[in-house]
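Chemist: Take this structure, written in structure tokens, and hold onto it; I'll ask about it next.
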Amino acid sequence: MLVDGKWTKSWDPYQKTSNDGSFVRQISSFRHWITPTGDTGFVAEKDRYHLFVSYVCPWACRTLMVRRLKQLEDYISVSVVEPFLTDEGWNFGSYPGADDVDPFHGFKYIHQLYTHADALYTGRATVPVLWDKKLNTIVNNESADIIEMLNTAFNHLTNNQLNLRPKDKLTELLDLNDFIYQEINNGVYKAGFAQSQNAYQRAYENLFSALDVLDEKLSHSSYLLGEKISEADIRLFVTLVRFDVAYYSLFKCNKKHIGEYEHLSAFIDKIIHIPGIKETINIDHIKTGYYSVKALNPTGIVPVGPELAVAI
Ligand SMILES: N[C@@H](CCC(=O)N[C@@H](CS)C(=O)NCC(=O)O)C(=O)O
């Protein structure tokens, strides 16, 4: 991580651990907001913004999904890092599907973007990073903010009417978002990076009861809030699509494959077939990336399987 703008030590996957050995995620620190009027200093305009992502990362990929669903390709360009976490964190390079170098400064590492934006930055250099090409700085590094912002900030320019945060269902959506974040998105990490048997077992049990709840919910409707796709679906999807490939074995979330859940697997299939969504998923990067975490997989061997129930 960075301390006062200096890269301190080799990359380590453990963000923070609480006293009982549970995994704790860092709070994001760049929280600017793009708006139609630019009252915040960041106005919505064509070709001004850029997303730095890793296909490995569910948080980054949810921003890619929303960019596609909201037809923002001409407004927000994208760079992809290599799937491995190096001793200096995410880097650009020649791995297939990645970009060689940061296109604006020629940086090799994502952490250089952070120190460019704040020379004394302290914290982890995470993806996604939403970059402002005009002001040459980070707008926001919190994917929850980014997807919320992309849902509305550019609508007057794109005329895209899809609303992933319907006002009439906002309370239900926020409750679902919270549940999905706690029990599923972060739930798999709590199991995978637990540092005590108790913390792991608690995470495992909570995760699979939450999956049961959502599988049941999806037996009544196409999407979590009914017949229209919402933010909650995107949040759920990014974890489900990585589950059988990475979390099941590497994170020891091995009670069931998602392929064994009738409604969750139909849900994955439905979302994958939305035009453009397949391009936001790169199974090779996901597998290579997760299995490159030495703390969890010291040999670095990447499994060949599994054969996925839903073809991607
Ligand atoms: N709160 C952030 C979390 C992002 C995050 O944890 N990204 C991971 C990849 S999945 C990362 O970049 N980790 C690098 C590190 O921790 O050094 C968000 O949702 O945007």
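Glycine residues also receive a Cβ, built from the backbone N, Cα and C atoms like all the rest.
Values in this document were obtained by computation on a predicted structure and should not be read as measured data.
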Chemist: For the glutathione site that TrEMBL gives with Arg124, Ala125, Thr126, Val127, Glu142, Ser143, which of Trp33, Trp90 also belongs there?
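Modeler: Between Trp33, Trp90, TrEMBL records just one in the glutathione site with Arg124, Ala125, Thr126, Val127, Glu142, Ser143, namely Trp90.
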Chemist: Based on the record's binding annotation for glutathione (Trp90, Arg124, Ala125, Thr126, Val127, Glu142, Ser143), what whole-number value in Å is the widest Cα to Cα distance?
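Modeler: Max Cα-Cα spread across the glutathione binders: 17 Å.
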Chemist: According to DSSP, folded down to helix, strand and coil, what is Ser143 (glutathione binding site)?
Modeler: helix
Chemist: Would you mind sorting out which recorded positions among Cys57, Val127, Glu142, Tyr247 put a C-beta under 6 angstroms from ligand 1?
Modeler: Cys57, Val127, Glu142
Chemist: Of Cys57, Tyr189, Tyr247, Tyr290, which is closest to Glu142 (glutathione binding site) if I measure between C-alpha atoms? They're all recorded positions.
Modeler: Cys57
